[in-house]
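J.: Sharing a structure here in structure tokens format.
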Amino acid sequence: MSSSSGKVGFVSLGCPKNTVDSERILTQLRTEGYEISASYEDADVVLVNTCGFIDSAVQESLDAIGEALRENGKVIVTGCLGAKEDVIREVHPKVLAVSGPHAYTEVMNQVHQVAPKPEYNPFVNLVPDTGVKLTPKHYAYLKISEGCNHRCTFCIIPSFRGDLVSRPIGDVLGEAQRLVKNGVKELLVISQDTSAYGVDTKYRTGFWEGRPVKTRMKELCDELGRMGVWVRLHYVYPYPHVDDVIPLMADGKILPYLDIPFQHASPSVLKNMRRPAHAEKVLHRIGKWREQCPDITLRSTFIVGFPGETEEDFQTLLNFLEEAQLDRVGCFKYSPVEGATANELPDPVEEVVKQERWERFMEVQQRISASRLQAKIGKRMDVIVDEVVEEGAVCRSKADAPEIDGQVFLDNQTHLKPGDLVTVEIEDADEYDLWGRPV
């Protein structure tokens, strides 16, 4: 390998927040003239952006580092697992350097030591003003803040990413505008805690296009809603002021979609998680949201088998599912994470019980999901095309986020292109997906 070639291999793991970090590093690499290598053997060095949220993610990251070391030998590690350098070096002592998440300057300095900066080339350095994106051209993640002020007992992300730091609202809206001008049809708003946006700045007033705008979720949504694209909210903590964005959904300014992790419904379990413990209030709010915005899609995630969870607690959760009738739900079996305070809680749940509860949970939610999707047969809706395959077009409705939700299949519609917006009539459904035809 030539040390003057300026080629960098890149492996990106983890959540959409990590994807955005990877995009920023890749953008800086391309801006400085580095080539991004598609293979290990052609790269001067390999960057691995890791995840460290749960044990399986840690193992995946360690495996990826090991593969890069075997195939190339020169590896720089960054990302959430990088905050635990001792864990990485215990398994892979030969990595060149380790840094934590969003350590962009440190990562670039490490790259410079291994692969010298290429000579400036105005053609190589023509990077789009949106930067390098790892998503398809028609949608993009818009990260509005870093870190989190909550200390949920099952989560160690604040130890990686620190407390909440909100981006200036003018910077966020400027990035959104550039993305839209370059053809993005859907903005996926992400952070560790989207509804806390601006709390750390005391909702400081920023400026956008000469107008004062508060650094706050409602005002952000209001401005994004003027850009003429789909706007989807992710990772929304159930603060009371979440209610303020529902009218924007009802008015069509942003998508009627709320990704709001409730985690459980039992007051005792929620207390042990250090989460809001008012299931009855949550059900009341869900009812109000649906009154204001009948088309709203509610996505949530839950944990079963948390330490101390009794059969009665679990039944409370199942009852909540039946009453809430959520559209999209993810469920995880509790897994101890090194450094999480939940590890100190008494009465751990046996693995066989966790599995049994997870299966019961999924059986209930699968039935709910199937029922809610069956109700869409015969209705018309707008979908966005994600890809076109031999059988037809694979799309998503306003109720479906990329990768985590369902899809809408349009058989034989091979003339469509990714990013096309199409009005369809739904003809069939199963537990998670829909089938339709253009109208």
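Each Cβ is built from the backbone N, Cα and C atoms, and glycine gets one as well.
Just lifted these from Swiss-Prot, have a look:
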DOMAIN    6-116  domain 'MTTase N-terminal'
BINDING   CYS15, CYS51, CYS80  [4Fe-4S] cluster 1 binding site
DOMAIN    134-371  domain 'Radical SAM core'
BINDING   CYS148, CYS152, CYS155  [4Fe-4S] cluster 2 binding site
DOMAIN    374-439  domain 'TRAM'
J.: Given the binding-site residues CYS15, CYS51, CYS80, CYS148, CYS155, which one has the fewest other C-beta atoms within 10 angstroms of its C-beta?
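T.: Relative to the other binding-site residues in CYS15, CYS51, CYS80, CYS148, CYS155, CYS15 has the fewest Cβ atoms within 10 Å.
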J.: For CYS152 ([4Fe-4S] cluster 2 binding site), write down the residues of its own chain that are at least 6 apart in sequence and whose Cβ falls under 8 Å from its Cβ; none is a fine answer.
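T.: Those within reach of CYS152 ([4Fe-4S] cluster 2 binding site), by Cβ under 8 Å and sequence separation of 6 or more, are GLN263, MET273, ARG274, ARG275.
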J.: Looking at the domain 'TRAM' (374-439) alone, can you tell me the average pLDDT?
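T.: The answer is 95, the mean pLDDT of the model over that range.
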J.: Would you list the DSSP helix, strand and coil counts for the residues of the domain 'TRAM' (374-439)?
T.: 1 helix, 34 strand, 31 coil
J.: Anything within 10 Å of CYS155 ([4Fe-4S] cluster 2 binding site)? Look among the binding-site residues CYS15, CYS51, CYS80, comparing CA atoms, and list what you find.
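T.: None, since no candidate lies within 10 Å.
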J.: What are the DSSP helix/strand/coil residue counts across the domain 'MTTase N-terminal' (6-116)?
T.: 55 helix, 22 strand, 34 coil
J.: Sort CYS148 ([4Fe-4S] cluster 2 binding site) into helix, strand or coil using the DSSP assignment.
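T.: The residue in question, CYS148 ([4Fe-4S] cluster 2 binding site), is coil (DSSP, three-state).
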J.: When you average the Cβ positions of CYS148, CYS152, CYS155 for the [4Fe-4S] cluster 2 site, which other residues in that chain have a Cβ within 8 Å of that mean position?
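T.: Here the nearby residues are HIS150, ARG151, PHE154, ILE156, ILE157, PRO158, GLN192.
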J.: Around the [4Fe-4S] cluster 1 site formed by CYS15, CYS51, CYS80, list the extra residues of the same chain whose Cβ is within 8 Å of the site's Cβ centroid.
T.: LEU13, GLY14, LYS17, ASN18, THR50, GLY52, PHE53, ALA57, GLY79, LEU81, PRO101, PHE160
J.: Just the number: how many Å between the Cα atoms of CYS51 ([4Fe-4S] cluster 1 binding site) and CYS148 ([4Fe-4S] cluster 2 binding site)?
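T.: Counting only the Cα atoms, the answer is 16 Å.
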